[in-house]
Amino acid sequence: MTLTIQTAPGSSNYLDMFPERRMSYFGNSYILGLTVTAGIGGLLFGYDTGVISGALLYIKDDFEVVKQSSFLQETIVSMALVGAVIGAGFGGWINDYYGRKKATMFADVVFAVGAIVMAAAPDPYVLISGRLLVGLGVGVASVTAPVYIAEASPSEVRGGLVSTNVLMITGGQFLSYLVNSAFTQVPGTWRWMLGVSGVPAVVQFGLMLFMPESPRWLFMKNRKAEAIDVLAKIYDISRLEDEVDHLTAAEEEEQQRKGKVSYLDVFRSKEMRLAFFAGAGLQAFQQFTGINTVMYYSPTIVQMAGFHSNQLALLLSLIIAAMNAAGTVVGIYFIDHCGRKKLALSSLCGVIISLIILSVSFFKQSSASSDGGLYGWLAVLGLALYIAFFAPGMGPVPWTVNSEIYPQQYRGICGGMSATVNWISNLIVAQTFLTIAEAAGTGMTFLILAGIAVLAVIFVIVFVPETQGLTFSEVEQIWKERAWGHNSGWGSSSDSNNVEAEGLLEQGSRS
């Protein structure tokens with residue numbers, strides 16, 4: 001007989017009952033390989049956001065019209081963000097209709113074509129079209145990778161595995177700084193900087209040919225034998241039975257809903273409104289607390305602090321990028337040991353302190369200082385502390401939470417919508433930071449960001465549930481209870497479900 005274990009949020013689940021079934025981060029090479037392969041999309045994401053700052057210096061040298069037009073410069077930088085907003089918007093639909101694997105491969109093709117267009121661009125307008133294509137690929141990848149990894153991950157290590165995608169993002173940003181430095185003396189400097197970004201996309205496309213589709217997506221598309229074949233490579237037979245039971249129960253519930261969902265359906269359901277508000281709010285606060293202000297403008301911030309040497313500014317920025325990647329490694333450990341909510345709150349508290357330090361340093365900084373002085377070094381310390389607190393918490397938590405808080409039927413659409421919120425917020429911050437800093441002063445700008453971070457703390461406390469170690473069904477039950485205030489019958493599995501699950505397992509073992 002199939003073992004069916006029913007739990008509810010807040011009670012001990014079957015991993016507590018059977019701790020020997022608990023999997024470690026490195027416990028299964030198959031799922032780790034799938035995670036790293038999917039995470040190459042994060043590498044593309046990070047590289048593209050970092051490389052343009054260095055490439056733009058040389059683009060201005062090649063195209064006089066760009067040097068003379070700040071509008072063209074801003075367009076070259078921001079067009080990738082515009083593409084990412086569009087890509088994230090329809091990326092959810094691609095994920096739900098064609099699957100996570102095909103969505104990833106589609107993103108790779110678009111990104112590679114965009115990289116070629118940028119590298120060969122004869123004028124800035126073709127370059128801008130290449131930036132748009134690359135942004136489209138990044139947008140689709142930013143939706144797909146976290147969902148793909150989450151749906152294939154055991155619940156007890158899901159946070160760490162999804163956070164690996166964020167590690168690839170921060171690693172891509174660090175790599176972009178290194179590539180910018182490596183190609184400074186090479187003919188066709190900016191073309192190499194932008195063109196080599198297509199290489200990881202080609203590598204990922206090749207590796208994805210050997211990767212499976214998401215088992216949850218296969219199961220919900222009635223390709224159950226294929227789903228069980230994938231799950232059998234992740235779990236042992238006793239754990240596999242439990243996973244199939246969960247999927248069978250989830251499928252039955254999905255069938256009771258309407259067959260297809262639209263974007264408007266997200267707002268018609270009270271549970272989905274609550275879930276999307278929490279997920280999209282986390283994505284917005286990730287950007288509005290200033291992370292990409294630090295990453296995009298760290299050389300400028302360092303120079304604002306009084307360090308006028310370009311080489312010193314770039315060196316300090318490279319160190320900050322390395323700290324960002326290292327902090328994400330710390331987050332991979334803590335997200336499944338401390339929980340998403342505690343990690344986000346502790347991260348935000350540190351971010352607030354860091355932003356206040358930055359604000360004070362710029363308020364006190366003497367504009368006559370040529371070597372930075374005490375307050376210049378205080379600003380650099382503030383930047384370093386900001387990354388040290390942000391990277392382990394508010395870096396991975398929004399992406400991890402958004403990969404696990406939506407029901408299967410809504411996961412692609414809601415993941416795409418929340419990623420779109422992230423990219424729009426990213427675009428707003430990138431386009432307004434220098435303008436606000438010029439109008440209100442850099443110190444006041446960082447004080448405003450600190451105020452936003454305080455609002456983020458309140459938001460997380462009130463609206464974001466803890467999802468550490470919970471199955472997707474348990475997470476879904478949280479929203480039902482928050483929406484309606486009672487247990488909505490989560491976890492009930494009929495005898496017919498058990499019989500079907502047994503049959504599927506036998507079919508999967510024969511195949």
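Count begins at 1; order follows the chain as displayed.
The backbone N, Cα and C atoms fix where each Cβ goes, glycine too.
So that you can see what the record holds, here are the features copied from TrEMBL:
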- 30-59: transmembrane segment (TRANSMEM)
- 34-468: domain 'Major facilitator superfamily (MFS) profile' (DOMAIN)
- 71-93: transmembrane segment (TRANSMEM)
- 105-122: transmembrane segment (TRANSMEM)
- 128-149: transmembrane segment (TRANSMEM)
- 161-180: transmembrane segment (TRANSMEM)
- 192-211: transmembrane segment (TRANSMEM)
- 274-297: transmembrane segment (TRANSMEM)
- 312-336: transmembrane segment (TRANSMEM)
- 343-363: transmembrane segment (TRANSMEM)
- 375-401: transmembrane segment (TRANSMEM)
- 413-437: transmembrane segment (TRANSMEM)
- 443-464: transmembrane segment (TRANSMEM)
- 490-511: region 'Disordered' (REGION)
> Mean pLDDT, the domain 'Major facilitator superfamily (MFS) profile' (34-468)?
Replying inline: 87
>> Using a cut-off of under 8 Å between C-beta atoms, tell me which stretch among 71-93, 105-122, 312-336, 343-363 contacts the transmembrane segment (30-59) the most.
In response: 71-93
>> Tell me if the transmembrane segment (71-93) touches the transmembrane segment (192-211). I count contact as 3 or more CB pairs below 8 A, with pairs 6 or more residues apart.
In response: no
> Can you say which of 105-122, 128-149, 161-180, 343-363, 375-401 has the most Cβ pairs under 8 Å with the transmembrane segment (443-464)?
Replying inline: 343-363
>> Under 8 Å for C-beta pairs, could you tell me which stretch among 71-93, 105-122, 128-149, 343-363, 375-401 has the largest tally with the transmembrane segment (413-437)?
In response: 71-93
> So which of 105-122, 128-149, 161-180 has the most C-beta pairs under 8 Å when paired with the transmembrane segment (312-336)?
Replying inline: 161-180
> Mind checking which residues reach the transmembrane segment (71-93)? Cβ under 8 Å, same chain, six or more beyond either end.
Replying inline: 48-49, 52-53, 56, 59-60, 65, 103, 107, 110, 124, 127-128, 131-144, 412-417, 419-420, 422-424, 426-427, 430-431
